[in-house]
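What follows is one structure encoded as structure tokens, with my remarks underneath.
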């Protein structure tokens, strides 16, 4: 027999290994299980063929031996003795209980079927199952369970390998637990059967063929069990980690998620996430816990004890740091009517949803059926000054009020309107996210937020169903606006369509910022004009001018018939990417209102005069006018008078009259405001009593 015939070839790398090797020298792949050794490999003298034939029926190497076969018998090499897998048709060795390729269970053979014998001159194999061959199959099954297949190059690696030895692909985390369980179960069954057969087989065998001491076998099997237990243990640890993370997530509340989103937003530069957490009433000084750091799973960015301020300093977010430090220094809990009365607020939201209808016809735009205008109650003036200050701190946005009044004379710049005509405007506080425009519109009408995105849905559906109408107005207006600034250019229709598709997409995304076109559509949904008082320039947090805002002006529902719309407008304020509702306070209605103010002698009606000119007495722009509607200032003033109840005050200011009535207002809104105001009335007596006592003491002195 030649040397090439004695060696066995590896089925993975084809390397020729020595017969005593149990693994491939090159790739460490296990030796394929086949026939058993039929001669003593360590004899000094070479046996003849006759002795081989005499000893073929009684193998010399028992299950406890670590040696591997040298010469394969004719029985094991006969192809017809193999069984075909019913799943993948692979030919497996007769002793295999599972398919080598797909690990599917061997089909149970019927009593009529019998394996074909080779019919050669060799003696037939005895009917009892050979413990050595049984051991080979079991060993192969264990080895199969100790390996994992690389998903990139399909190479089988050892279980303890962290990455593929061929392509360095990492070990997959999702190990097949079913395969490991089946392998372990099958191995335990074979072990029990093997031990029972080994007791019977070894008792009747010759003393010269007795196996070596079992310490070698036990050590090998212990090593295999350790490898398999390590693989199972690592999977158990992975499952425990997943279970722990799931428990942490189940304990998380909405505020916790907003806090984590704010932390990630600082790292990634997302200001909206920080503002969402801030407006929800979250604690700016909150620190990251160990569970939260584990859930974020970014040790390089997050650490236990970090706050939003720490993260802003670490990642050099100067703009976010300015907002956070301002919030820490001026932290005041907000208390608006919608927060105090959640039950009434939900009923109002249902009323709004029920009042949304779609107009039949060519212009199938959605609209609201009710005319509601929110005003602050006049009873606030009856509260003590300290209580009034507390109320205004909790319901108003002081930063917006200061920017619109002091930094730029945008609102309340006329003493005539603010004092004598009681038309002072107040900026209500709302969420500083992308929904601020929709929130401010509902606050100016119903006094609540667009929490359920009812108004956003109506906005998106109106833009989608009436896309042709709004698209024509938008395209014509954008072209004229660019030319008015001396920008003479033309866009392809594909570019116009892309920009319009972006505007449509913003309307469908909750939290997305909205543009001038969306205000124009909202004016049609409300069926009333919208006046926006805003800053003229975009500015950075350092005060640097970045560009024009283009939001200030009047938005008329030009695509409706005038008879279908109301002439009482609402007012919004715009400051640095944020919209706020501008509302007035109720008045008694019997003061001298100036020239042109007709109150119909109804004391219950509150009239607020909204200026249609800026502080320089220039007429506000009317957005989205067509070429036929564009004209000089007199023509635009005429158009404003057609769509709104306008008058000129004694000071010569052109104003639009916003009329509201507590008696005609929606009863749910009235109940909500009264319940909110009762909370401040309850703290009035103590303060009033102490002030009265001090006044009496002063008089006595």
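In case you wondered, yes, glycine gets a Cβ from its N, Cα and C as well.
What Swiss-Prot records for 436 is active site, nucleophile. Swiss-Prot lists 578 with the feature active site, proton acceptor, giving similarity to another entry as the kind of evidence. Feature annotation from Swiss-Prot assigns Zn(2+) 1 binding site to 10, 13, 24, 27. For 150, 153, 164, 167, the entry in Swiss-Prot reads Zn(2+) 3 binding site. Marked as domain 'OTU' by Swiss-Prot: 425-585. Sequence annotations record features per position, and here Swiss-Prot assigns region 'Disordered' to 108-129, 198-219. Per Swiss-Prot, repeat 'ANK 1' is recorded for 253-283. The annotation repeat 'ANK 2' is assigned in Swiss-Prot to 306-333. The zinc finger annotation in Swiss-Prot covers 3-33, 79-108, 143-173, and the record cites sequence analysis as its basis.
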Shell of the Zn(2+) 1 site beyond 10, 13, 24, 27, same chain only (C-beta within 8 angstroms of their C-beta centre): 11, 12, 14, 15, 17, 25, 26, 28, 29
Structural state of residue 436 (active site, nucleophile), classified by DSSP into three states: helix
Separation of alpha carbons, residue 13 (Zn(2+) 1 binding site) and residue 153 (Zn(2+) 3 binding site) (Å): 14
Within 10 angstroms of residue 436 (active site, nucleophile), Cα basis - recorded positions out of 13, 24, 27, 578: 578
Of 150, 167 (the binding-site residues), the residue whose Cβ has the fewest other Cβ atoms within 10 Å: 167
Which same-chain residues, if any, lie at least 6 apart from residue 10 (Zn(2+) 1 binding site) yet have Cβ under 8 Å of it: 16, 17, 24, 26, 27, 29, 31
Fewest-neighbour residue among recorded positions, criterion Cβ within 10 Å, set 13, 24, 27, 164, 436: 13
Lowest local Cβ density among 153, 578, which the record lists as recorded positions, within 10 Å: 153
Helix, strand and coil residues within the zinc finger (3-33) as assigned by DSSP: 4 helix, 6 strand, 21 coil
Alpha-carbon spacing, residue 150 (Zn(2+) 3 binding site) to residue 578 (active site, proton acceptor), which is rounded to whole Å: 53
Integer Å distance between the CA atoms belonging to the residue listed as 'active site, proton acceptor' and residue 164 (Zn(2+) 3 binding site): 54
Rounded Cα separation (Å) that holds between residue 13 (Zn(2+) 1 binding site) and the residue listed as 'active site, proton acceptor': 68
Per-residue pLDDT averaged over the domain 'OTU' (425-585), given as an integer: 90
